[in-house]
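Visitor: Copied straight from TrEMBL:
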DOMAIN    36-178  domain 'Lactate/malate dehydrogenase N-terminal'
BINDING   Gly41, Ala42, Ala43, Gly44, Gly45, Ile46, Gly47, Asp67, Asn127, Ile150, Ser151, Asn152, Met261  NAD(+) binding site
BINDING   Arg114, Arg120, Asn152, Arg186  substrate binding site
DOMAIN    180-343  domain 'Lactate/malate dehydrogenase C-terminal'
ACT_SITE  His210  active site, proton acceptor
Amino acid sequence: MKASILRSVRSAVSRSSSSNRLLTRTFATESVPERKVAVLGAAGGIGQPLALLMKLNPLVSKLALYDIAGTPGVAADVGHVNTRSEVTGYVGEEQLGKALEGSDVVIIPAGVPRKPGMTRDDLFNINAGIVKSLCTAIAKYCPNALVNMISNPVNSTVPIAAEVFKKANTYDEKKLFGVTTLDVVRAKTFYAGKANVPVAEVNVPVIGGHAGITILPLFSQATPKANLTDDTIVALTKRTQDGGTEVVEAKAGKGSATLSMAYAGALFADACLKGLNGVPDVVECSFVQSTVTELPFFASKVKLGKNGVESVLDLGPLSDFEKEGLEKLKPELKASIEKGIQFANAN
Ligand SMILES: NC(=O)C1=CN([C@@H]2O[C@H](COP(=O)(O)OP(=O)(O)OC[C@H]3O[C@@H](n4cnc5c(N)ncnc54)[C@H](O)[C@@H]3O)[C@@H](O)[C@H]2O)C=CC1
Ligand SMILES: O=C([O-])CC(=O)C(=O)O
């Protein structure tokens, strides 16, 4: 979003307490499009802070908060924040259609989180069904929305969503995203610490998938450049791959990453909204339908545009260590993708 538009949005937001009509008029004349964002699982550990962060985003005009319980309270709370979007809570399956109708972006953090000792794949049995039913409703009520899938195991839930949309004849590969932004956020934080560079300037692509060794940070492409030893790169890679587990263990049975995930989810949704609004050169890593490897879905840098994915970027040059990591991750990622596809077609 251009700085001038952002400034006028901010000033419009600050005037909004006195008149909502003024706000609407200001946006109409400044041509910041109306955008509806729905969060499914909005009363959860990720859902609540994500709802707040989306309420702070001036690109959002309507915020729909859906969950099986608890959303009236979350919506009443977040709705008092004096920013642009109108917030509505929806609770229970009979209100899901209304929550989804007219959505431009649907963010899905619905489902159970890990406890210590579990892998993300251990969540499959519960979360696969949740994602399937939510995506069936998306196909019915907002088939053109961009879908940001957070629910784990992302390596399987994204293929499940694709199959559900294919069956409903609404599948558009440009509009389905597995949210892997937290891997990038972690890689940036850990790299900045070791390289001793300002974290705000750091960029690190993370490719592959979103579980264990399928998460492959490309520190050879990290900027600003730093002269790190091979041992440091190996340790940084492992810490990024195990970042989720580090949080699960520290929370000791009280769930997995929620706050950093809400931040990452809000960053990715903001990038999607910017792309929809025609902001040029919006690039984020995401797990999408892909031909950059032989696998049907793969996370890599993606350029976002008015229709979602504008292009999936090449991986760029890989170090020998990264090439090895890429070959190692493929069998696991392939199996997780196939598990999702099989589930969607068998149930
Ligand atoms: N992609 C990523 O990088 C990350 C993904 N996750 C995943 O996000 C998911 C959610 O995590 P948390 O928010 O910590 O869990 P949580 O248990 O705190 O919240 C989940 C919410 O989903 C709701 N829910 C359950 N079934 C639903 C349905 N059918 N429709 C709508 N809502 C439903 C629950 O009521 C609950 O409010 C987990 O699967 C977790 O593994 C977590 C962190 C990072
Ligand atoms: O580790 C988990 O279960 C949650 C997650 O995906 C992450 O934090 O990256």
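Easy rule for this one: first residue shown is 1, then count along the chain.
Each Cβ is built from the backbone N, Cα and C atoms, and glycine gets one as well.
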Visitor: Between Asn152 (substrate binding site) and Gly41 (NAD(+) binding site), how far is it from one CA atom to the other, in Å?
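Guide: Distance (Cα to Cα, whole Å): 13 Å.
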Visitor: To the nearest Å, how far is the Cα of Gly41 (NAD(+) binding site) from the Cα of Arg114 (substrate binding site)?
Guide: 16
Visitor: Can you give me the residues near the recorded substrate site, meaning same chain, not Arg114, Arg120, Asn152, Arg186 themselves, Cβ no more than 8 Å from the center of the site's Cβ atoms?
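Guide: After dropping the recorded site residues, what remains is Pro113, Pro153, His210, Ala211, Gly244, Thr245, Val248, Ser256, Ala257.
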Visitor: Quick one: which of the binding-site residues (Gly47, Arg114, Asn127) have their CB closer than 6 Å to ligand 2?
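Guide: Among Gly47, Arg114, Asn127, near ligand 2: Arg114.
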Visitor: Taking the binding-site residues Gly41, Asn152, Arg186, Met261, which residues show a Cβ-atom distance to ligand 1 below 6 Å?
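Guide: Passing the 6 Å Cβ check against ligand 1: Gly41, Asn152, Met261.
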Visitor: Of all the Cα pairs drawn from Arg114, Arg120, Asn152, Arg186, the residues the record ties to substrate, which distance is largest, in Å?
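Guide: Taking every pair of listed residues, the largest Cα separation comes to 18 Å.
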Visitor: What is the separation, in Å, between the Cα atoms of Gly45 (NAD(+) binding site) and the residue listed as 'active site, proton acceptor'?
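Guide: Distance between the two Cα atoms comes out at 19 Å.
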Visitor: Secondary structure at Ser151 (NAD(+) binding site) (DSSP, helix/strand/coil)?
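Guide: It is coil.
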Visitor: I'd like to confirm something. Which of the recorded positions, Ala43, Gly47, Asn127, Ser151, His210, has a Cα closest to the Cα of Arg186 (substrate binding site)?
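Guide: Closest recorded candidate to Arg186 (substrate binding site) by Cα: His210.
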Visitor: Can you give me the Cα-Cα distance between Arg120 (substrate binding site) and His210 (active site, proton acceptor) in Å, rounded to a whole number?
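Guide: Rounded to the nearest whole number, the Cα-Cα distance is 9 Å.
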Visitor: Taking the residues Gly41, Ala42, Ala43, Gly44, Gly45, Ile46, Gly47, Asp67, Asn127, Ile150, Ser151, Asn152, Met261 listed for NAD(+), what is the greatest CA to CA distance in Å, to the nearest whole number?
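Guide: The NAD(+)-binding residues span at most 18 Å between Cα atoms.
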Visitor: Would you list the DSSP helix, strand and coil counts for the residues of the domain 'Lactate/malate dehydrogenase N-terminal' (36-178)?
Guide: 65 helix, 28 strand, 50 coil
